[in-house]
Amino acid sequence: MVCGGFTCSKNALCSLNVVYMLVGLLLIVVAAWRKGFGIVSSIHIIGGVIAVGFFLLLIAIVGLIGAVHHHQVMLFFYMVILFIVFLFQFGVSCSCLAMNQGQQEKLLNSSWGIMNNDTRISLEKRLDCCGLFNDTQSQGVFVSDLNLCDAPCVKKSPCLTCGEKMLQHSSEALKILGGVGLFFSFTEILGVWLAMRYRNQKDPRANPSAFL
C-alpha cells in the first residue's frame with residue numbers, strides 16, 4: 001500500500017528521529033565507557049562527543065513529538081537546533097579522526113604529569129600496567145613509577161606500560177566515535193530537509209479551511 005505524501009513524510013521523520021535517539025545513546029555510552037579509563041578523560045574531545053550525543057538525543061525527542069503532533073513551532077526549533085548539532089557533530093567527529101598518536105601522547109603525558117602518586121598507583125592497578133611511557137625524555141619518572149607500581153601484573157610477568165594501554169583505548173574510542181558521528185552527521189541534513197518539507201504540508205486531519 002502506497003502512503004500519501006503527508007503520511008510518508010511523517011513516518012520517515014519519526015523513523016529518522018528514532019535513529020538519532022539510538023545514535024545519541026551510542027555516542028554517550030561509548031564515550032562514557034572510554035572516559036571511565038581515567039586518563040582517557042583528559043582527551044576533551046571525548047567530553048565534546050558526550051555533549052553532542054546528549055543534545056542529539058534531546059532534539060530527537062523534540063522532533064519525534066513534533067512529528068507525531070505536526071507541531072509547527074516544535075518542528076521549526078527542531079530544524080534550527082538540529083542544523084547546529086550537525087555543525088558541532090561534524091567538527092567534533094573530524095577532530096576525533098584527525099587526532100594522531102603523537103597528539104594523544106602529548107595529552108597523556110601532560111595529564112600524567114599533574115597526577116599525584118596515589119592517583120597513578122590507583123590507575124595502574126585498574127589498568128594492570130606500570131608507568132606511562134618508557135622513553136628517554138621521561139626515564140626518571142618512569143623508573144620512579146615502576147618502583148611504586150603495585151599492579152597485579154608485577155607478580156606475574158613484565159607489565160605493559162600504561163601509555164600503551166591508554167593509547168589503545170583512546171585510539172579505539174576516537175575511531176568509533178569519529179566514524180559513527182561523521183556518518184550520521186550527514187543524515188541530519190536529511191532530517192532538516194524532511195522536517196521543513198513535512199512542516200509545510202497540510203495535515204489531512206485538520207480543518208480544510210484552516211491555513212498552515
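Including glycine, each Cβ sits where the backbone N, Cα and C put it.
All annotation found in TrEMBL is predicted automatically rather than curated by experts.
Taken straight from TrEMBL:
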- 12-33: transmembrane segment (TRANSMEM)
- 45-68: transmembrane segment (TRANSMEM)
- 75-100: transmembrane segment (TRANSMEM)
- Cys129-Cys162: disulfide bond (DISULFID)
- Cys130-Cys149: disulfide bond (DISULFID)
- 176-196: transmembrane segment (TRANSMEM)
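Projection of TrEMBL feature records onto the structure.
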residue : record         : Cβ within 10 Å
Cys129  : disulfide bond : 23
Cys130  : disulfide bond : 24
Cys149  : disulfide bond : 18
Cys162  : disulfide bond : 27
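On the backbone, the CA of Cys149 (disulfide bond) and the CA of Cys129 (disulfide bond) stand 8 Å apart. Note: the CA-CA distance between Cys130 (disulfide bond) and Cys162 (disulfide bond) rounds to 6 Å.
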